[in-house]
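Undergrad: Supplied in structure tokens, the structure appears directly below.
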Amino acid sequence: MSMGRFISLEGGEGVGKSTQAQMLAETLRGRGLDVLLTREPGGTPGAEAIRALLLDTQFDWDASAEALLFAAARSDHVANTIAPALDRGEWVVCDRFIDSSRAYQAGGDDLSDDAILSLHTIGSMALMPDVTFLLHADGDDIAARLAQRDSDGSDRIGGKPADYHARVAQRFRDLAGSDPERFVLIDANGPPDAVHERIVRALASMLGEGG
Ligand SMILES: Nc1ncnc2c1ncn2[C@@H]1O[C@H](COP(=O)(O)OP(=O)(O)O)[C@@H](O)[C@H]1O
Ligand SMILES: [Mg+2]
């Protein structure tokens with residue numbers, strides 16, 4: 001019987017997380033694995049409803065309210081989607097997870113990492129991914145990708161100022177540096193196929209070829 005694994009993809013806006021999550025899920029399915037592809041905030045009807053609140057530009061959530069909403073959405077997502085899938089032995093590929101809260105609400109804003117992790121303990125039994133791919137790409141490339149994807153305007157968080165996103169990016173790098181057992185830095189420049197190839201290669205070496 002194969003054991004499920006929990007894989008998250010992290011990084012800033014437009015770096016290619018959703019594209020790569022989809023490609024990774026397809027590749028794993030092609031190997032005969034049962035794969036759940038999911039995303040945050042979201043992944044359950046309740047958490048998707050919270051996502052809409054979080055991203056809506058008509059609201060002006062402060063960092064604490066934002067952190068609580070993310071934690072509530074994640075709690076529902078873990079309890080009703082992720083944990084049951086892992087219990088069934090499935091592989092879970094998640095587009096953003098706890099590290100986004102740590103990078104955005106603690107790194108971009110100024111909550112403490114401990115506070116975010118406490119909410120994660122209360123909400124989600126402190127569940128951590130087995131492997132986290134942190135995607136990073138050059139700023140110019142990303143600006144072009146986002147202009148194409150978000151031609152009708154960015155969401156409430158994506159639309160925050162450049163210095164906020166710079167702090168988020170720095171915190172992601174710091175988190176990866178502090179936990180090299182779990183994080184793999186992925187060069188997300190170049191075409192989607194090339195990035196996918198890097199992720200598949202890194203996954204094989206993280207989990208062992210048979211894994
Ligand atoms: N490697 C790539 N090269 C060029 N464009 C890309 C690449 N990966 C994704 N895109 C495009 O860039 C935009 C952002 O990608 P997306 O996967 O939505 O990023 P994220 O989920 O990290 O915000 C999308 O329009 C997507 O089709
Ligand atoms: Mg995305």
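Think of each number as a place in line: the chain as shown, counted from 1.
Just so it is clear, glycine is given a Cβ too, placed from its N, Cα and C backbone atoms.
Predicted automatically and left uncurated, TrEMBL annotations should be read as such.
Pulled the feature table from TrEMBL, pasting it below:
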type: BINDING; residues: GLY11, GLY12, GLU13, GLY14, VAL15, GLY16, LYS17, SER18; note: ATP binding site
type: DOMAIN; residues: 9-199; note: domain 'Thymidylate kinase-like'
Undergrad: If H, G and I count as helix, E and B as strand, and all else as coil, what does DSSP give for SER18 (ATP binding site)?
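TA: The residue in question, SER18 (ATP binding site), is helix (DSSP, three-state).
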Undergrad: Please list, in sequence order, those binding-site residues from GLU13, GLY14, VAL15, SER18 with the Cβ less than 6 Å from ligand 2.
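TA: By the Cβ criterion, which requires under 6 Å to ligand 2, the hits are SER18.
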Undergrad: Over the domain 'Thymidylate kinase-like' (9-199), what does the predicted model average in pLDDT?
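TA: Average per-residue pLDDT within the domain 'Thymidylate kinase-like' (9-199): 96.
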Undergrad: Quick one: what's DSSP say for GLY12 (ATP binding site), helix, strand or coil?
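TA: In three-state terms, GLY12 (ATP binding site) counts as coil.
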Undergrad: For ATP, what surrounds GLY11, GLY12, GLU13, GLY14, VAL15, GLY16, LYS17, SER18 with a Cβ no more than 8 Å from their Cβ centroid?
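TA: Filtered neighbour residues, in order: LEU135, ALA137, ILE142, ALA188.
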Undergrad: What is the Cβ neighbour count of GLU13 (ATP binding site) at a 10 Å cut-off, with all protein chains included?
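TA: Result for GLU13 (ATP binding site): 20 other Cβ atoms within 10 Å.
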Undergrad: Counting only residues 6+ apart in the same chain, whose Cβ is under 8 Å from the Cβ of GLY14 (ATP binding site)?
TA: ILE142, ALA143, ARG145, LEU146, ARG149, ASP150
